[in-house]
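Quick look at what Swiss-Prot annotates:
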DOMAIN    327-459  domain 'ZU5 1'
DOMAIN    460-601  domain 'ZU5 2'
DOMAIN    793-878  domain 'Death'
MOD_RES   Ser304  phosphoserine
REGION    585-721  region 'UPA domain'
REPEAT    131-152  repeat 'LRR 1'
REPEAT    154-176  repeat 'LRR 2'
REPEAT    177-199  repeat 'LRR 3'
REPEAT    200-221  repeat 'LRR 4'
REPEAT    223-245  repeat 'LRR 5'
REPEAT    246-268  repeat 'LRR 6'
REPEAT    269-290  repeat 'LRR 7'
Amino acid sequence: MAAVLEGQEPEETAAAAEDAATSTLEAVDAGPGAPFLPAGNQLNLDLRPGGCHRLQYLCSQQPPQLLQVEFLRLSTHEDPQLLDDTLAKVPWSLLRLRSLVLKGGQSRGALGACLHGTLTTLPAGLSDLACLAHLDLSFNRLETLPTCVPELHGLDALLLSHNHLSELPEALGALPALTFLTVTHNRLERLPLTLGSLSTLQRLDLSENLLDTIPSEIGNLRSLSELNLASNRLQSLPASLAGLRSLRLLVLHSNLLTSVPTGLVHLPLITRLDLRDNRLRDLPAELLDAPFVRLQGNPLGEASPAPPSPPDISQVPEMPRLLLTSDLDSFLVTPHGCSVTLACGVRLQFPAGATTTPVTIHYRLWLPEPGLVSLGPHDFLLSSVLELQPHGVAFQQDVSLWLLFVPPRVRRCREVVVRTRSNNTWNDLETQLEEEAPKRLWARCQVPHFSWFLVVLRPVSNTCLLPPEGALLCSSGHPGVRVTFPPGVTEEPRQVSMQVVHMAGLELRTLLEESEASVSPLLCLSQSGPPSFLQPVTVQLPLPPGVTGFSLDRSHLHLLYRTPLTTTWDDITTQVALEFTHLYARFQVTHFSWYWLWYTTKTCVGGLARKAWERLRLHRVNLIALQRRRDPEQVLLQCLPRNKVDATLSRLLVRYRGPEPSETVEMFEGEKFFAAFERGIDVDADRPDCVDGRICFVFYSHLKNVKEVYITTALDREAQDVRGQVSFYRGSLPVEVPAEAEAARQRKGTDALWMATLPIKLPRLRGAQGSGQGTDFSLMPLNLGDAETGFLTQSNLLSVASRLGPDWPAVALHLGMPYHKLQRIRHEFRDDLDGQVRHMLFSWAERQTGQPGAVGHLVQALEQSDRRDVAEEVRAILELGRHKYQDSIRRTGLAPEDSTLPGTSASQTPESAQA
C-alpha cells in the first residue's frame with residue numbers, strides 16, 4: 001500500500017483514507033480486556049464511542065499489527081484532555097502512519113446540523129510523523145493552526161474546513177510537497193504572503209471565508225489547477241492571477257467584485273471561470289463572449305448608483321421613533337419626520353420635511369387574494385399585502401419602507417422586488433435586500449406615494465431607456481441573451497426590458513418523451529410605446545443545451561413566438577432568417593413578446609410549447625388535515641409543496657394526529673381552493689373566510705397556506721364516535737391562466753373540481769363531557785370593543801373559553817390577573833376545568849367593559865401564552881364584525897363610499913386567504 005501511495009494524487013490519497021471508514025475494528029466484545037486488533041493497515045476508531053480508550057489500549061499493548069497501520073481515523077467528539085493524551089502516543093506507536101483523520105461532524109444536533117469536535121490544538125510531537133502525507137482536521141474548533149503542522153514536510157493533503165481559523169501562519173509556506181489545501185467555512189480575513197511558495201500546490205479551496213483581498217504572491221503558484229474563492233468579500237483581484245498558466249477552474253461567485261483582470265480569459269487551460277452573483281457592470285468583450293465564463297446574477301449594463309451624500313450629523317436632530325402595538329392602526333407624521341415600526345413588523349422612515357403639515361397615516365395588513373395581488377406568469381408572492389393610506393398622497397421626499405418577506409427557496413436568475421399600485425397599474429420599485437438574521441430578510445424601497453405594497457420574486461429583469469441612437473441590452477441572468485437596437489430604431493426614447501426564464505431539461509424530456517429534446521431559456525421582451533419598431537431588432541439566444549451551431553440539424557430547430565394577449569405559440573422558423581455561431585442563434589424581429597428555441601424531432605411544436613409553458617407554472621402539492629391531540633375539535637388544514645411534506649409532518653405530529661397526506665395534485669400560483677367538512681361535521685365559528693360552510697384558501701407556493709379551524713357536530717357524540725371527512729375542491733384560477741390549461745388539468749368525471757378527501761373523527765364524549773358548554777353558566781349580556789374595531793359578545797367569549805383548556809393560567813397572568821386570585825379560582829372550581837376558564841375570562845371581561853383596548857389586550861395575552869390559534873380566531877371574529885358594521889352603514893347611507901380595493905367593489909368583502 002505504501003508503494004502505491006507514493007504516486008497517488010491528493011484526491012486519491014483522500015479517497016483511500018475515506019475508504020478506510022468502511023472497515024471496522026476487529027475486536028472481540030466478549031468481555032472486558034478483549035483485544036482490539038487493526039484490520040490490515042487501517043485502524044478506524046471513529047465509528048464507535050470510546051475510540052481514544054481503544055487506541056490507548058493498543059498503544060500500551062503494542063501488538064505487532066499496530067506497526068503496519070498507515071491509516072488512522074479518530075473521532076474528536078471526546079474529552080479534550082483524553083484526546084490530547086491519546087494523540088501524544090501516536091508518534092511513538094504508529095511509525096508508518098501516512099493518513100491521519102481527526103474529524104468532528106459525526107454527531108448531530110437537535111436540528112440535524114453537524115456538531116464540531118473538541119479539538120483545539122495538536123501535540124507538538126506529531127511533527128515526528130515523517131511518513132504522514134494526509135491530515136484531515138475538519139469540523140473542529142481550531143482558532144490557530146497547530147505549530148506542528150508546518151513541520152510535517154512530507155504532507156501532501158491538508159484539510160482544515162469548518163473550523164474557526166482567522167488567519168494562516170507564514171510558516172505554512174514551508175510545506176514543499178503540499179498539493180491539496182482546503183480551508184473552507186472558516187473566518188479567514190487575510191492570507192500569508194508565503195502562500196505563493198507552495199510551488200507544488202494543485203488545488204486550493206478558500207471559499208466561505210471573510211477575505212477582502214488576495215496577495216499578489218498567489219500568482220507564483222505555477223502548478224495550481226483549481227482555485228475556489230467563492231463566498232468571500234473580494235472587491236478586486238490581483239493581476240498576477242493571469243500568470244497561473246496551469247489553472248483549469250477558477251470559482252469567484254458570491255463576492256463583491258466590480259472588475260476582473262482581462263488576462264484571465266487568455267489562460268491556456270481554463271475551462272470554467274465562475275463570476276456569478278458579483279457586482280460586475282462592465283466587462284471586456286472577450287469575457288462576455290467566452291463560453292467558459294459564468295456571469296449570472298451580475299448587474300451587467302446597469303449604471304452605477306450615485307453614492308449618497310453623508311448627512312451633516314451636527315445639524316440633523318434626532319428622529320422621533322414610534323413603536324405601534326397591535327391595537328393601533330394609525331400614527332401621526334409631522335414635518336420633523338419619524339421612524340415607525342408597525343405591529344406587523346413593517347418599518348417606515350419619514351425624513352424631515354417629507355410632509356409640510358401633520359398627516360395621519362393609516363395602515364392595514366391584508367391577507368393575499370387575487371383581487372389584491374398582481375403576479376406575472378412566472379412570479380411568486382413572498383409577503384402579505386400592506387395598505388398605507390391616504391392613497392396617492394405626495395411626499396416632498398421619498399419615504400423608506402422595509403417589508404418582511406419569506407426567503408425564497410431558489411434565487412438563481414431571480415430577484416426580489418417590492419410591487420405597488422399607482423394610477424391603476426402595478427409597478428415594481430427599485431429594491432435592496434437587508435438581512436437582519438438568518439432567514440429574516442427585509443425588502444427596502446423608496447416610495448413616493450402611499451398605496452398597496454407586496455413583495456414578489458420575479459425572473460431577473462433588465463431594463464434600459466432606448467434612445468434613437470440605438471443601444472445594446474444584455475441579460476444579467478444569462479449574459480448570452482442580448483438584444484441589439486440599431487440607430488434610428490425609434491423616434492422617441494422608450495423603455496425596453498427583458499426577462500429570462502429557465503426550464504429544467506428533465507421536465508421537458510419527460511413531457512416530450514424524448515431523451516434528446518432540449519430548449520433554450522425562455523425570453524420575454526416588453527416595451528413602452530408603439531407596438532413595433534422602425535427597424536428590425538437583432539435578438540441573440542443561446543442554442544439549447546447539447547446543441548452547437550456546427551452540428552445541429554436545422555430541421556429539428558424551431559423558433560417559437562407567443563402571440564400577445566393569447567396563449568398560443570407559433571412556429572416562426574421559416575419566417576425569420578436564423579444565423580448561427582458555435583453557441584448562439586441570432587434573428588431579427590420588429591415586435592416584442594415571448595421567444596423560445598426548441599430542438600426536438602417532434603413536428604407540432606406549438607402545442608407542446610404551450611404545455612411546457614404551463615408546466616413551468618404548476619406546483620405539485622399535497623393536502624393535509626390534522627387534529628390536535630389534546631383537542632380533537634381543533635383541525636389544522638394545510639397545502640404543502642411535495643418536497644416539504646415529510647419535514648412538516650415530522651414537526652407537527654408531536655402535537656397533532658391525522659391521516660396520511662393526500663395524493664399529489666397540481667396548482668397554479670394564486671389559485672383558489674376550498675375545504676368543506678362533510679358527513680355530520682361543520683365549522684364551529686362564523687369566520688370571514690367561511691363561505692357556505694367552506695373554508696376558502698388561495699394557494700401561494702412560498703407562503704404557509706395553513707389554517708386552524710374548530711369543528712362541531714349536531715350528531716350525538718355520547719353514543720359513538722362521529723366519523724366525518726374534509727374534502728378539498730378547486731376554486732377560481734388567476735386571470736392570466738388560460739381556460740384550456742384549467743380544462744387539461746382537471747379530473748375527468750362527475751366532479752372535476754374535487755381534489756382530495758381526508759377522514760376526520762370526533763371521539764365519543766364520556767361522562768360529564770357530554771353536557772353542553774355553559775348550560776349551567778349564565779351571565780348578563782356582554783360586549784367588549786366598539787363598532788369600529790368589532791365586538792366580542794358573550795357567545796364569542798364562551799367559544800374562546802372552550803379552546804383554552806389547561807393553558808388558561810398563563811393567559812390569566814398575561815391579562816394582569818394577580819396570582820392569588822388565580823389560586824382562588826382554582827380552589828373554587830377545583831373539579832371543573834371549564835368553570836375555571838369561564839370564571840377567569842368573564843370576570844376579567846366585566847372589569848374591562850367600556851375601556852378602550854381590551855380586545856387588543858386579550859389578543860396580545862393569547863399570543864404571549866403561545867395560543868396564536870385562538871388569537872387568530874378572535875381576529876377573524878373582529879374582522880367579520882367590522883365588515884358587517886361597515887356594510888350596514890353603507891346600506892343606510894350614513895357613510896360615504898371608501899376607495900375600492902383593486903379588483904373589488906366597495907360593497908364587497910375581500911375574501912381572506914391564509915398567508
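Cβ coordinates come from backbone N, Cα and C, glycine included.
Look at the repeat 'LRR 3' (177-199): DSSP puts its residues at 5 helix, 3 strand, 15 coil. Outside the repeat 'LRR 7' (269-290) by six or more residues, the chain places 225, 230, 245-260, 262, 296-304, 474, 479 with a CB less than 8 A from a CB of the stretch. Counting Cβ pairs under 8 Å to the repeat 'LRR 5' (223-245), the stretch among 131-152, 154-176, 177-199 with the most such contacts is 177-199. Counting only same-chain residues 6+ beyond the ends of the repeat 'LRR 1' (131-152), those with a CB under 8 A from a CB of the stretch are 2, 5, 10, 13-14, 17, 70, 76, 95-105, 114-125, 158-169, 171-172, 174-175, 177. Counting residues per DSSP class in helix, strand and coil order gives 14 helix, 66 strand, 62 coil for the domain 'ZU5 2' (460-601).
On the 0 to 100 pLDDT scale, the model's mean across the repeat 'LRR 4' (200-221) is 92. Counting residue by residue with DSSP, the repeat 'LRR 6' (246-268) contains 5 helix, 3 strand, 15 coil.
For the repeat 'LRR 1' (131-152), DSSP puts the residue distribution at 3 helix, 3 strand, 16 coil.
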